[in-house]
Amino acid sequence: MTEDKSQVKIRFFTREKDELLHVQDTPMYAPISLKRYGLSEIVNHLLGSEKPVPFDFLIEGELLRTSLHDYLTKKGLSSEASLNVEYTRAILPPSYLNSFSNEDWVSSLDVGDGSKHIISGSYDGIVRTWDLSGNVQKQYSGHSGPIRAVKYISNTRLVSAGNDRTLRLWKTKNDDLKLTSQQQAQEDDDDEVNIEDGKTLAILEGHKAPVVSIDVSDNSRILSASYDNSIGFWSTIYKEMTVVDPLEDINNPNNKISTAARKRRKLTMKDGTIRRRAPLSLLESHTAPVEQVIFDSTDNTVGYSVSQDHTIKTWDLVTARCIDTRTTSYSLLSIAQLSTLNLLACGSSARHITLHDPRVGASSKVTQQQLIGHKNFVSSLDTCPENEYILCSGSHDGTVKVWDVRSTSPMYTITREDKSVQKGVNDKVFAVKWAEKVGIISAGQDKKIQINKGDNIFKN
């Protein structure tokens with residue numbers, strides 16, 4: 001096969017909703033030397049576009065990252081083959097927008113649905129809310145150690161968790177977020193109207209080691225992952241949880257609490273108005289620290305967790321039982337769900353991301369694909385709000401990478417913008433969040449919250 005002269009029969013098609021991006025369904029011949037740019041020129045010519053639209057191309061569901069010649073060679077096909085080539089809008093580079101300075105390492109980030117406010121959890125033990133100009137709107141103090149996870153519950157509540165082994169529910173104010181009728185009824189019932197913004201609404205106790213991950217469902221439930229190998233299942237409705245007596249915990253001689261921890265607990269008890277609650281249940285099956293837990297985005301009675309014990313577990317939250325376990329060959333540190341694709345993306349200590357289908361039976365090791373490109377632990381994952389195939393990952397190698405799961409290599413790599421960052425010294429990324437109206441937010445060891453463009457990245 002001569003690459004410069006040979007041609008191959010192709011048929012272009014697209015699943016784009018915009019009818020103006022649809023070409024006529026007519027087969028044509030194209031040089032097999034063409035790559036993405038050349039194919040994009042052909043499609044734009046067929047569309048008669050005044051302003052060229054950048055496209056990506058897929059053949060049999062696989063992103064084309066080489067020439068047509070190389071693709072045919074890889075698949076063992078001749079130029080006499082006929083190819084159905086799908087085209088889709090290309091993702092634009094996630095250009096740098098802004099950075100905010102924090103007092104200490106930033107471990108966790110969140111943005112409420114439809115909100116333009118960022119919340120961060122820091123190793124200095126403080127939760128902060130930020131506007132997009134980098135101004136701190138509010139600080140929430142109460143944890144007695146580093147914070148490892150933060151999440152919005154509603155526009156008047158958020159939850160945090162940390163190394164002090166507790167979760168805290170906080171009163172906040174975010175006018176960008178709207179309450180559901182259930183949330184409004186709950187807050188009216190709990191008489192939170194008179195509680196000051198920034199105050200702790202409740203302390204949730206039950207874990208025996210640092211709590212490093214939390215997730216929130218739309219039915220007033222919280223999941224927490226802990227280094228005590230367990231997962232906590234909680235409610236934001238106080239009357240559904242058992243009251244905890246902190247004095248019983250402190251005075252129990254069999255309880256292995258350090259002297260310093262006992263002193264801290266007694267200090268926090270000075271505010272007798274703070275509710276203390278126990279979990280609805282503790283889910284136990286992991287044999288090593290649990291790194292992250294999430295709700296199924298389409299069924300809040302199901303949860304997924306990953307652990308240093310190399311497993312992905314599926315949980316029935318109604319019965320509090322593990323119903324499926326997948327075993328890998330490496331510690332798993334992060335997880336995100338691509339719900340429309342029925343896939344779980346899992347970041348590992350082996351530096352790659354694996355894609356698993358939770359519907360497939362656990363009798364065999366099932367790995368759909370590995371995304372390879374990071375050079376250190378993959379500590380955080382989040383999905384693109386605009387495209388079901390796109391996700392981003394944060395790593396201890398100091399980068400955030402943007403992936404299309406139809407390709408095994410990253411589309412883009414985001415590096416730390418702060419000039420004081422030293423590679424391998426203070427560049428670890430601990431958290432990423434891809435938020436609509438904000439962008440790709442990342443943070444970590446450099447004490448910076450960095451924002452890169454991630455909104456409207458499929459538009460010209």
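Placed from the backbone N, Cα and C atoms, the Cβ positions cover glycine too.
Residues or ranges marked as region 'Ubiquitin-like (UBL) domain' by Swiss-Prot on the basis of sequence analysis: 8-89. Residues annotated as repeat 'WD 1' in Swiss-Prot, with sequence analysis given as evidence: 101-140. Annotation source Swiss-Prot lists repeat 'WD 2' at 142-180. Annotated repeat 'WD 3' per Swiss-Prot: 206-244, in sequence order. Here Swiss-Prot flags 285-325 as repeat 'WD 4'. The repeat 'WD 5' annotation in Swiss-Prot covers 327-366. Annotation comment: Swiss-Prot describes 373-413 as repeat 'WD 6'. As annotated by Swiss-Prot, repeat 'WD 7' applies to 424-460, with the evidence given as sequence analysis.
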In the same chain, who gets a Cβ under 8 Å from the repeat 'WD 6' (373-413) while lying at least 6 residues past its ends?
56, 58, 61-63, 65, 91, 93-94, 333-341, 343, 345-349, 351-353, 355, 421, 423-424, 427-436, 440, 442, 444, 452, 454-458
Three-state composition of the region 'Ubiquitin-like (UBL) domain' (8-89), taking helix and strand from DSSP:
23 helix, 25 strand, 34 coil
Spatial neighbours of the repeat 'WD 5' (327-366) far in sequence, C-beta under 8 Å, 6+ residues away:
288, 291-294, 296-298, 304-312, 314, 372-383, 388-389, 391, 393, 395, 397, 403, 405
On the DSSP side of things, how many residues of the repeat 'WD 4' (285-325) fall into helix, strand and coil, could you say?
0 helix, 27 strand, 14 coil
